[in-house]
Amino acid sequence: MKLWVEIHLIVLETPLSPRAMSNQTLVTEFILQGFSEHPEYHMILFSCFLPLYPVALIGNILIILAITFNPGLHTPMYFFLFNLATMDIICASSIMPKALEGLVLEESSISYGGCMVQLYFLTWAASSELLLLTVMAYDRYAAICHPLRYSTIMSKTFCSMLAAGVWILCAFNTAIHTGLMLRLHFCGPNVITHFFCEVPPLLLLSCSSTYVNSIMIVLADAFYGIINFLMTIVSYGFIISSILKMRTAEGKKKAFSTCSSHLIVACMYYTAVFYAYISPVSSYSAEKSKLAGVLYSMLSPTLNPLIYTLRNKDVKAALGKLFPFFRN
């Protein structure tokens, strides 16, 4: 679950009674506001966003193929990169088609069921990516700080358990939050101030109590945001300390190159999430949330494969074996 800290700032209005809700028509579809406040930029945004989806799909599929068909990449680092690429495909596919549609049409609508499905898959992929970045940081810690015991620490069984744990835990957590969203009643305004279905603007539209949702989000924030971020920071603290203790410049360069791609991706992802969801007591900002949404749901899945490919000789070599045009 992304760091929806601003949800704590939502004013929980007194819920309507069952009789009052029965006298109102429940919402069956939502209107995605998208970028309608800037219609003059729609074609420019469409032209910018349109290439991102195919690039994200092709880039992440190529990484999956390279890792799958090259035995030399069957290591823990690339195993987790395989999972990251899969998450990026799910994240991009759940957001980009509808966002592009919203830039073409004057009014983009999404059914209630479609909104819940989009919310589930986006939250599943986004929370899984946060957790996986922490796992990848631990993998780099084990490789650099304990190189002699690395193969024992990051055994195939342990790596499989970590990856399965990420997918299952995040799927379960997302199911809880989606289930809590399904229990809410939406009987008033149906305009979501975003270009996809997101928790904060949805809770603002609810005409029933969102107290339980807010409590669960606080717990999710504490785990996915604070704990994972601190664990990543601690891992890199040990990594940097070990690199600085190395005697040769070549050793330092080689050690840093093994974690530089992950560090760039982690910094980019956390910066986007923190920018939108860690805010002062000022309340939810649709503009900030949209900008961050573009960063982590569009740019991140597109840039991740480029970062790992351009900065990784092994991946480029594996792609060169599958596709000759990558050799030069």
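Each residue, glycine too, has its Cβ placed from N, Cα and C.
TrEMBL assigns the feature transmembrane segment to residues 290-310, out of the candidate ranges 17-37, 290-310. Remote same-chain residues near the transmembrane segment (78-97) are listed as 49, 52-53, 56-57, 60-61, 63-64, 67-68, 118, 121-122, 124-126, 128-129, 132-133, 135-136, 139, 159, 162-163, 166-167, 195-196, 265, 293, 296-298, 300-302, 304-305, 308, 314-315 (criterion: CB distance under 8 Å, separation of at least six residues from the stretch ends). The highest tally of CB pairs under 8 A with the transmembrane segment (222-244), across 117-138, 158-176, 290-310, is held by 117-138. Per-residue pLDDT, averaged across the domain 'G-protein coupled receptors family 1 profile' (59-308), gives 87.
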